[in-house]
Amino acid sequence: MTENSPKKRAYAQKNSNSSGKKPFYGKKFDPRKSGQRQDPHFDGVDVHVDQNFPLTIKRLGINGEGIGYFKRKIVFVPGALPNEVAVVRVTEVEPKYIAARVLKIREKSPNRVKPMDEFATEVGGFELEHMTYPAQLAFKKDVLVQSLEKFQPRGWSDYDLRDTIGMENPYEYRNKAQFPVRKIGKKLSVGMYKRSSHDLVDLPIVHTQDPVTMKVLRTIRELLDKLSVSIYNEDKNHGTVKTIVVRVSHTTGEVQLTFVTNTDGFPGDTALITAINQALPEVTGIFQNFNPGRTSLVWGDETIKLWGKDYIEETVMGKTFQLSPRAFMQLNYTQMAVVYKEALAALDLTHADKLVDAYAGVGTIGLSLADKVGEVRGMEIIPEAVDDANINAKINHIANAQYEIGTAEELFPKWQSEGWLADALVVDPPRTGLDTALRREILRTKPEKFVYISCNASTLARDLVDLTKAYKVDYIQSIDMFPQTARWEGVVKLTRRD
Ligand code: SAH
């Protein structure tokens with residue numbers, strides 16, 4: 001289950017009620033004791049789907065949705081803002097929450113703006129586009145507060161929570177577009193799915209995307225149409241092109257293009273490549289990724305080059321990184337540099353230090369810090385990324401860094417037990433946060449310098465409950481990596497207690 005699932009969301013909200021009062025979920029009903037044939041979900045709040053009522057929005061939840069209370073039961077209303085009064089229509093009634101949608105806003109928040117993307121309320125990833133940017137930045141700090149309130153790690157109420165670092169232009173930041181392609185009637189659509197559905201919305205303009213990615217996508221759409229290239233049909237499970245992936249290098253402007261296909265072969269690819277070469281000189285490499293059948297995964301295991309260069313290159317803090325189509329790179333180049341600079345500033349490295357780059361991806365963090373320390377070791381579970389990290393070390397003439405395949409929770413203890421003791425540690429885990437075994441080992445070995453880069457305030461707060469047994473939190477710097485969305489990112493400086 002993901003962080004966005006409504007059940008978990010309700011739980012998170014329930015446990016982070018900032019009023020300090022315990023939320024009320026209705027009369028206790030225990031079907032085992034009652035012996036009656038009564039709805040086991042009935043909780044004393046009489047409400048049904050399609051019911052309308054006015055609601056005052058109290059605050060935003062961690063997914064950016066408005067929160068109000070109907071007869072003291074929590075109501076989630078996407079698109080509604082704090083202090084607004086809205087008429088809402090119930091869409092879902094669950095034991096612990098009600099979901100509703102806005103019918104009409106009676107009293108508007110001064111923070112409300114018209115979203116740049118008219119489809120913002122329909123598709124995922126634009127949860128905050130109807131809010132002024134300063135209010136978005138304040139929200140991201142509040143997400144952190146809500147998570148700390150829920151988990152209450154040692155000293156949490158005194159943490160120095162720094163104002164979110166935003167972008168000068170909070171649009172056009174996504175360097176990669178990964179858009180499905182479908183033929184709906186006669187129309188070829190390239191875009192995003194409507195929320196929790198398989199209805200594809202054709203999107204000519206997306207303001208959060210780098211315009212180059214959109215230009216390439218739209219041109220490819222024209223070419224696929226003109227050349228009648230076979231498009232995947234999900235119902236019939238046949239046809240070829242499923243998804244177009246476009247990634248642009250911020251440094252060079254070069255574009256890497258991948259067609260994810262249902263079929264092994266790619267009928268018409270020669271003509272298509274010729275047409276792309278003519279229309280889009282910025283495209284320097286074209287690939288096919290084979291991912292057959294109905295699957296929720298975008299990428300299959302097999303990628304072949306159809307034409308051009310194997311890599312695009314990106315420069316990060318003065319180092320060059322080669323990116324093959326599958327290699328991970330942060331989506332927001334500008335804010336990635338802010339995160340890495342914050343990590344560097346928090347570490348205070350010396351040339352004697354042994355640094356661990358945990359959850360390394362293609363080694364961007366460790367390699368950009370390698371010339372400031374004695375030695376870097378990093379680990380990552382995806383073998384291709386580890387290969388890339390070691391290649392990236394070589395092309396930058398970095399001799400004091402090496403990357404290994406494996407989990408942080410296995411390799412960090414292994415290196416320590418072999419006598420290679422880390423002085424400095426950077427962790428940058430996925431949304432699930434740190435594994436218990438890794439936390440235990442950190443508490444046992446207590447590296448002197450420690451920075452936690454987190455993309456999930458909730459698992460960060462959970463992990464801090466453990467970590468603050470040996471460390472104190474100097475500060476948490478929130479950084480807006482994903483403007484217009486509810487996603488949080490931050491850098492935590494930790495100092496050993498002794
Ligand atoms: N530090 C990199 C990547 C961060 S994303 C950067 O800034 O670009 C998190 C990475 O952790 C992903 O590449 C993922 O494959 C990897 N990962 C996930 N679980 C892991 C684990 N248990 N141990 C090590 N790496 C893991």
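Each Cβ is built from the backbone N, Cα and C atoms, and glycine gets one as well.
With GLN330, TYR359, ASP428 listed by TrEMBL as binding S-adenosyl-L-methionine, the candidate from GLU380, GLU404, GLU448 annotated for that site turns out to be GLU380. Taken in sequence order, the recorded positions GLN330, ASP428, CYS455 that lie near ligand 1, meaning a CB under 6 Å from one of its atoms, are GLN330, ASP428.
Listed in sequence order, the residues PHE328, ASP357, ALA358, ALA360, GLY361, THR364, ILE365, PRO429, PRO430, ILE453 complete the 8 Å Cβ shell around the S-adenosyl-L-methionine site centroid, once GLN330, TYR359, GLU380, ASP428 themselves are left out. Taking only the Cα positions, the spacing between GLU380 (S-adenosyl-L-methionine binding site) and CYS455 (active site) is 17 angstrom.
By a simple count of nearby Cβ atoms, those within 10 Å, the most crowded of the binding-site residues GLU380, ASP428 is GLU380. In the shown protein chains, 19 other C-beta atoms lie within 10 A of the C-beta of TYR359 (S-adenosyl-L-methionine binding site). Of all Cα pairs drawn from GLN330, TYR359, GLU380, ASP428, which the record names as binding S-adenosyl-L-methionine, the longest spans 15 Å. Cβ environment of CYS455 (active site): PRO430, ARG431, MET481, ARG487, TRP488, GLU489 lie under 8 Å away, each six or more residues apart in the same chain.
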